[in-house]
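Novice: Not my notes, these are from TrEMBL:
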BINDING   Thr61, Asp62, Asp63, Asp268, Asp270, Thr271  Mg(2+) binding site
Amino acid sequence: MDNNKMASNASFVSRSKGAMLGLALGDALGTTLEFKSKDSYVPLTDMVGGGPFRLNAGEWTDDTSMALCLAESLLAVGDHDAQDQIERYLRWREEGENSVKGYCFDIGNTVSSAINRYLDIGDPNAGIEESYTAGNGSLMRLAPVAVFFSTVKGVSKETLFAMAEASSVVTHAEQRAIQGCQIMAHLMDKVFHGERDKAVLFASLEAQFSHVHEDFFPLVSGAFVTKSRDEINGTGFVVDALEAALWCFAHSDNFAEGALLAANLGDDADTTAAIYGQLAGAFYSLEGLPSDWLAKLAWREKIEDYGKQLSQSRTV
């Protein structure tokens, strides 16, 4: 293997670790302000825990639990397997598998309803298409899919997008939830290939996603970049959540700065920061993550190892 190929592989592994750890760091940071109305609190300046679930600093919620379930499924099966994925989500809900507390203490309504639907009808593609299910619950866990099916590994872009959709419809089948996952998968994949210019990243969206739902038109055109913070909302609606995460990424120069911007939007703070963290963690790579936050992060070694394994597993 030549030196350039070795350096490229090392970069992909580091960015993959960064994506997984970044997701968890954002989740752990934002849980402090989860469910709090925007600007109804003293802004966060550090990872301190607490919040509605009274977590210790560095502990995380459903975003990371579901990402770990998804990562384990991809690694165990070696491919997308809806049945295996939803069975792992079921064990998380019922038995606390991959919960930092050993029991499920935080689960979204759409996810829980999908699990119930699976138990009722046996179809592991249990998401429904109704507009009210256009939440951020499949986007928040996407990082394992973006790494495992990255085109860096020789996978086609069509397959990457198909797998982003397939992983979403296990719990979220509404078109905007699916498209949000595909947009994030595209951005992360560009980063995995070494794109370092955020403006170029954002500019790539319009051509790639010319046929998205109209609610995404402003986002793929890059309109979010010039919005003020007052116009950004970190809610559970997938369009808002993705826009908020990208706005924080655009308006920051390092991982911690953007993560704090995301968490301090309040509302669905942990998920906004987790969505941001997937992309920013890949962009800044493992080496760009704040060491003091990593030192606090629950299951840090396991999460980092999954990032490595996902990047090195064969998919073609």
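The backbone N, Cα and C atoms fix where each Cβ goes, and this holds for glycine too.
Unlike curated entries, TrEMBL annotations are predicted automatically.
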Novice: Per residue, counting other C-beta atoms within 10 angstroms of the C-beta, which of the binding-site residues Thr61, Thr271 reaches the highest number?
Specialist: Thr271
Novice: Beyond Thr61, Asp62, Asp63, Asp268, Asp270, Thr271, what residues of that chain have CB atoms within 8 A of the centre of the Mg(2+) site's CB atoms?
Specialist: Asp27, Gly30, Thr31, Glu34, Asp106, Met140, Ala274
Novice: Out of Asp62, Asp270, which of the binding-site residues has the smallest number of neighbouring Cβ atoms within 10 Å?
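Specialist: Among the binding-site residues Asp62, Asp270, the lowest count of other Cβ atoms within 10 Å belongs to Asp62.
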Novice: Taking the Cβ of each of the binding-site residues and counting other Cβ atoms inside 10 Å, which one has the highest number: Asp63, Asp268?
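Specialist: Result for the most crowded candidate: Asp63.
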Novice: Can you check what DSSP calls Asp270 (Mg(2+) binding site), collapsed to helix, strand or coil?
Specialist: helix
Novice: According to DSSP, collapsed to three classes, what secondary structure does Asp63 (Mg(2+) binding site) have?
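Specialist: In three-state terms, Asp63 (Mg(2+) binding site) counts as helix.
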